[in-house]
Amino acid sequence: MYDPTVARLTYRALLGRRRALILGALPLLLIAISVVVRGLAGADDQTASDLLGGLALATMVPIIGVIAGTGAIGPEIDDGSVVYLLSKPLKRPTIIFTKLIVAIAVTMVFSALPTLIAGFILNGNGQQIAVAYTIAALVSSIAYAAVFLLLGTVSRHAVVFGLVYALVWEALFGSLVPGARTLSVQQWSLAVADKVAGGDLISSDVGLTTATVLLVAVTVLATWYAGQKLRALTLAGEE
Amino acid sequence: MAVEHPVTTPSGDQTRIHNIGYRSYDGPRLGRAYARRSLYSQSLRGAYGLGRSVKSKVLPMLLFVVMCVPAAIMVAVAVATKAKELPLDYTRYAIVMQAVISLYVASQAPQSVSRDLRFKTVPLYFSRPIETADYVRAKFAALASALFILTAAPLLVLYVGALLAKLDFADQTEGFAQGLVSVALLSLLFAGLGLVIAAVTPRRGFGIAAVIAVLTISYGAVSTLQAIADAQGSTGAIPWIGLFSPVTLIDGVQSAFLGASSAAPGGIGPSNGEGAVYVLVCLGLIAACYGLLMRRYKKVGL
């Protein structure tokens, strides 16, 4: 199911040349902000929770997820070089699975790890906040990577749709219409984090069971469907 | 078998092997200004998907509608409830709808410049009688105009609605004018930032994500820091932090000089002196974007 060569190529496509630097700029910014906040405000649990929840989990994880998830396959389909990969004797689901693993790994390294570091800088993991948000970031990395990888195989405008989901649906509608929160990767991962941390600083609008079921279902279905899409891929010309 | 012909050097007119009747063009030459205008109008149309495929019309038109609908709803509410004022200031509208504006810049800036870079068509533009400066100015002006249309249209809806609801004419006109100045500044700033980022990468998808990341993450970071500074009681720091993100920059300029109330935490806008710094930073950023674009296209134009 996992092909090391495809994985190596995908890593190179995602992190090659200066792209790793640009991806690395976001986590560095988060850590820099946490240092500033710690200096300004001292260790405060509420502040730490606000910063990690508002900046790290709500903005950074989705954006890195979009870059890694769609970047793992989108550009290849876009410039047509995916045919060279598809003509190799590899199962299409294997290609998708490998790219998914790479996308998840990249998202986790560039979003969950800095969340953990930022959490420790902000309040030294008081009330398990750092660990809880790191787990939320890890869990949502998996779901985001799977969903955005699927988007990358479905549409040429995957990045825009991914960002519309992450910013408009989760952030804007999620804050206005409570019902929209049930269908939000962010809330599902918060439910898991809530269970782990146990404190009252982290709360989610979704129950743990629902969240877990939905997370697993979305990840598996998205991966499966992406494999199906790749099996019957038609290369569209330039619009 | 090639037979060795003795090389005779023909003299006079006989150097021509074939004359298939090409004639030189002797019609009017439309020149540099025309080429620049065409590039501008094509880019502006392209920013709304006009003259492109149906698929690429969907997103810009959708964002335009999303931008205008809340304004229409506000007008309807104001008329129905016979309110004395609109529920939202003209200057505040763009700040509230910043997610839509950011998405528009992020999706249209790369489509305006990244594809030229990726398919290496930039040298073809410069085979026309235009210079680097013409290309950069045309693209910059086109995106800024597209953004101005996007941000000014809902203000127009609000203004017309306010007049229909018989709100105070002088008051509304002043607010509308202030709003227009502020969105014009916002359009220039956002267009500049979007184009600079998009011109660096030939990958469209990556450009979109990078523009969004710069616009939203800087705003998220700045507003978080401002909220913390507000909670800590160090209110003097709030205006200075606001300098570091495009949205708060515009917010600061308009709350200092355009009679807007600041959207910053605690409603603390910059004083007049700080406001001058805001304006300088804002204009400086626009100029810097223009300079960076010029530098970039000096290089890739060859």
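Using the three backbone atoms N, Cα and C, a Cβ is placed for every residue, glycine included.
According to TrEMBL, the feature transmembrane segment maps to A:20-41 (among others). Under 8 Å from some Cβ of the transmembrane segment (A:20-41) lie the Cβ atoms of residues 14, 47, 51, 55-56, 60, 63-64, 67-68, 106, 110-111, 113-115, 117-119, 121-122, all in the same chain and six or more residues away from its ends.
Positions annotated as transmembrane segment by TrEMBL: A:53-74 (among others).
Per TrEMBL, transmembrane segment is recorded for A:95-122 (among others). Only residues 6 or more beyond the boundaries of the transmembrane segment (A:95-122), in the same chain, are considered here, and those with a CB under 8 A from a CB of the stretch are 1-3, 6-7, 10-11, 14-15, 23-24, 26-28, 30-31, 33-35, 37-38, 43, 47-48, 51-52, 56-57, 60-61, 64-65, 68-69, 71-73, 85-86, 129-131, 133-134, 137-138, 141-142, 144-146, 148-149, 153, 223, 226-227, 230.
Residues annotated as transmembrane segment in TrEMBL: A:128-151 (among others). Residues of the same chain lying 6 or more positions beyond the ends of the transmembrane segment (A:128-151) and with a Cβ under 8 Å from any Cβ of it are 45, 48-49, 52-53, 56-57, 61-62, 65-66, 68-70, 72-73, 96, 99-100, 103-104, 107-108, 111-113, 115-116, 118-120, 122, 158, 161-162, 165-166, 185-186, 188-190, 192-194, 196-199, 201-202, 215, 218-219, 222-223, 225-226, 229.
The transmembrane segment annotation in TrEMBL covers A:158-180 (among others).
Residues or ranges marked as transmembrane segment in TrEMBL: A:206-226 (among others). When Cβ-Cβ distances below 8 Å are used as the criterion, the transmembrane segment (A:206-226) is approached by residues 93, 96-97, 100, 139, 142-143, 146-147, 149-150, 152-153, 181-182, 185, 187-192, 194-195 of the same chain, each at least six residues removed from its ends.
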